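Noted in Swiss-Prot for the protein shown:
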type     : residues       : note
ACT_SITE : ARG339         : active site
BINDING  : GLU322, GLU335 : Mn(2+) 1 binding site
BINDING  : PHE395         : biotin binding site
DOMAIN   : 48-495         : domain 'Biotin carboxylation'
DOMAIN   : 167-364        : domain 'ATP-grasp'
Amino acid sequence: MLRAASSIRAVANRGLATAAVARPGVPLDEREGKEIYTTVGIDYNEPKFDKILIANRGEIACRVIKTARAMGIKTVAVHSDVDSNSLHVKMADEAVCVGEAPTAKSYLRADRILQAVEDTGAQAVHPGYGFLSENTKFAAELEKAGAKFIGPNSKAILDMGDKIHSKKIATAARVSMIPGYDGEIADEDMCVKVSRDIGYPVMIKASAGGGGKGMRVAWNDKQAREGYRLSKQEAASSFGDDRMLVEKFIDNPRHIEMQVLCDKHGNALWLNERECSIQRRNQKVIEEAPSSFVPPEMRRKMGEQAVQLAKAVGYDSAGTVEFLVDSQRNFYFLEMNTRLQVEHPITECITGIDIVQQMLRVSYGHPLPITQEQVPLNGWAFESRVYAEDPYKGFGLPSVGRLSRYVEPKHVDGVRCDSGIREGSEISIYYDPLICKLVTHGDNREQALNRMQEALDNYVIRGVTHNIPLLRDIVQEKRFRTGDITTKYLPEVYPEGFQGTSLSPKEQDVVIAFASALNARKLARANQFLNQNKQRSTHVASFSKTYKFVSSLPVKEGERPTEHAVEVEFVEGSANKAQVRIGGKTVTISGDLNLSHPVNSIEVDGEHITTQIVGKRAGEITVLYKGTPFKVKVLPEQAVKYLQYMKEKAKVDLSTVVLSPMPGAIKNVNVKPGDMVSEGQELVVMEAMKMQNSLHAGKTGRVKAVNVKVGATVDEGEVLVELE
């Protein structure tokens, strides 16, 4: 084996302390908190691996480490140079640096991962998901090196990882299929021809793809050409394999998948379905298990077809068979993911089976501990993918930055947080911007959903833009609450894009009352401080006077906010209870009215409400209410009089410039100074978090300047191209 430059860091006495005192048969969640759900328990007399290496990063690496630690297995983490202080590195017993920040120079370097296995003496490798998890050559090389691949055998990965070949196998296994072209698409012209033959719309996707990358929907020839080119580039970047296929796009389906678990003794189980229809850019946003759309008989048929396919390829690990389901409950095979799925926690919640634990057991050679008849379906679970993304831009353009404040809502009943970050962690342009998989479990769908609302309201994230506003709005939205969802849910519910939560008049009063009460309390405290050397009666007087403000709350972007005359009077001199008069209405507010607290639990007219203060400056408080930040102006009456003399800033015409919508790297520049371009023409292609983004001209005109070159790294808001 070729030697690769690597550095090994051993962490003494970490990881085994928990397992040393663990009792056989005790569920993992008693020792590891609420991160892991299993009722199967652990047999500590059963042979197992001594040490495994996790060929991944972030939350999935942490997730695998938790189960391995509970089983008494030592762990080795790998990392890039920018990940040296990451949480998964700190959690592991040993860590090996495998290269530079770009994935192609580190996490996708199979040779360096193999060298790390040899250097550390790891007996097996868990690949997580993404990266090398579905790389047949890597799995085969591991086998040659005498190490186990904690996943399916390399032949099964090859058969199912190639989307073209997998469709042929699925057809032979009598799995319901989507119409399409079985061969590889050679170029843009062929893509257009095949698309016409199938009939638009079509789905253009990478043969080796997954996770929503390398996929585009095309409704015409132009989109087919652009979709082929962008998806091919994306596939090469993400998977090192740019082969493409085309199939009929089923408009407005549900995306429902079946978890399978198989061993090396011919046993195969289906662990119930997951509903994954809420998506943007073909990536899942919120998942649930089970699906409210799937009756028991349909569940059985989907499960049996999934197992048929798994057995047809000799599958021997955890995997997921994905289906598209139409409105008549007809289901069609989409693909099989030969790895641990991102959303596996919700299946663990409803079955009590730790899928990672069983992957470790099966890879070692043990049979599955239960039969199909013993697979339970207990309650309901949801997973919200919390991303460092701006939900107001295309339902989520990636964001970067450092987490200046970070508190997970683990105190909420039924909550599980699978994350790979902590306060102070950096979200960079090199990797997926996932912050956490927020999971809730309840006795039924309504309880699990209510717990998700509470968890999102209590989730504290500062320093990066995140998608909690969108997640929180979805979980309270009527269609979602009733289970009326398809893959078109987001564009149908938010046709103009996500604009934030819309507040009713009553909810507007809540936000104004809260902000005004906070401001009044701040002034009362200031008066106490200024008068601290005077008689005590002046201290009480600070909370006995009436504070008058003019408050305003913009309900929609661009609209001039309505101003309200507000009076705040603290009840019985209490700092935590006040009556707020807004025009002719009176609101009673009590509870945590402290500006310094990240989360405020209050009661408004007897109703419990959770809010957060995410920004404050003179005359303005930004209140996070139902996930959406609202900037509330709270000004003394005199100050408002002077505002009329302040000129409003003129709006800038941005149609003459192309701005970077996010931090990223420039992949293509398609114009030069002097070129004539038409409105909507593609000018620049940039990549961020392994996703390709095409940037277009906002108007017809001549190119005045091109400020970037291919390979350049740019920040959000940089001017890339200028038009005359």
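Count begins at 1; order follows the chain as displayed.
Backbone N, Cα and C define each Cβ position, glycine as well.
Put simply, GLU322 (Mn(2+) 1 binding site) is 23 Å from PHE395 (biotin binding site) when counted between their Cα atoms. Summary for the recorded positions GLU322, ARG339, PHE395: the Cβ-based neighbour count within 10 Å is maximal at ARG339.
Per-residue pLDDT, averaged over the domain 'Biotin carboxylation' (48-495), rounds to 94. Between the alpha carbons (Cα) of GLU322 (Mn(2+) 1 binding site) and the residue listed as 'active site' lies a span of roughly 12 Å. Counting every protein chain shown, the number of other Cβ atoms lying within 10 Å of the Cβ of GLU335 (Mn(2+) 1 binding site) is 20. DSSP gives ARG339 (active site) a coil state; it is part of no helix or strand.
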